[in-house]
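Q: Annotation source TrEMBL lists compositional bias 'Low complexity' at 234-247. The compositional bias 'Basic and acidic residues' annotation in TrEMBL covers 248-263. If you look up TrEMBL, you'll see 4-244 marked as domain '14-3-3'. Annotation source TrEMBL lists region 'Disordered' at 234-263. Annotated site 'Interaction with phosphoserine on interacting protein' per TrEMBL: ARG56, ARG129, in sequence order.
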Amino acid sequence: MGYEDSVYLAKLAEQAERYEEMVENMKTVASADQELSVEERNLLSVAYKNVIGARRASWRIVTSIEQKEESKGNEQQVGLIKEYRVKIETELGKICEDILDVLDKHLIPSAQTGESKVFYHKMKGDYHRYLAEFATADKRKESADKSLEAYQAATEVAGTELAPTHPIRLGLALNFSVFYYEILNSPDKACQMAKTSFDEAIAELDTLSEESYKDSTLIMQLLRDNLTLWTSSEAEPAGEAAPAATDAEAKTDAPATEEPKAE
């Protein structure tokens, strides 16, 4: 099947909400080893976000139920839930490894512009972060280290190539700060990063182009929401902390509980 046909079928699959097939079509496009257009890049991102997002939401629900049953001492139910959780984790792992392989072999080596380099390194950071969410011990540390490395690579390019108001640079700061808060348990660093990004964007708000105004201001609002959530969490007594929000999560897989917002 040709390149253009694969793009068209990916759009068709998106309309039909058949995201697994959307992923397969966009993998064909990504494997052509050429710079993707902005539209193609977004199609790839949306496809994987939906496929991973549904399972991340499922994992959160099952994990919550598992903790409740454990606290009641219901060992038989806990055993069944654990099996089911591991099944979801296996699916999550396969999806993450799949896109990370595409990024490393095709998309990152083919990236020509600063914008696409930031986009793909950020995406790499995101999917290693998703692996770190459920991994334990050495595997968790390995995923966290790789996520940090990818976010740092994206931040380095963004600092020189993208304006502080650019939606991809803002989305990177949003997700990177969530990584610090949720994966590295560094609320101070998370707040500092989110605040710096927000303040830098505010200072240059008058230079914002009309085409990216909506996206940029939405992400700025999410940065501010997280800052509010994190600072209020610190003031509260120890308990179950509300997770942070990423802008991608806010659009595709918002859980029932308030979650920090990230892409």
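Just so you know, glycine gets a Cβ as well, placed from its N, Cα and C.
Keep in mind it's a predicted model, so treat the numbers as computed, not measured.
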Q: Neighbour count, 10 Å Cβ-Cβ cut-off, for ARG56 (site 'Interaction with phosphoserine on interacting protein'): what number do you get?
A: 20
Q: Across the domain '14-3-3' (4-244), what does the pLDDT come to on average, as a whole number?
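A: That stretch averages a pLDDT of 94.
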Q: Sequence gap of 6 or more, Cβ distance under 8 Å: name the residues on the same chain that satisfy this around ARG129 (site 'Interaction with phosphoserine on interacting protein'), in order along the sequence.
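A: The list for ARG129 (site 'Interaction with phosphoserine on interacting protein') reads SER143, ALA144, SER147, ASN175, VAL178, PHE179, ILE183, given in order along the sequence.
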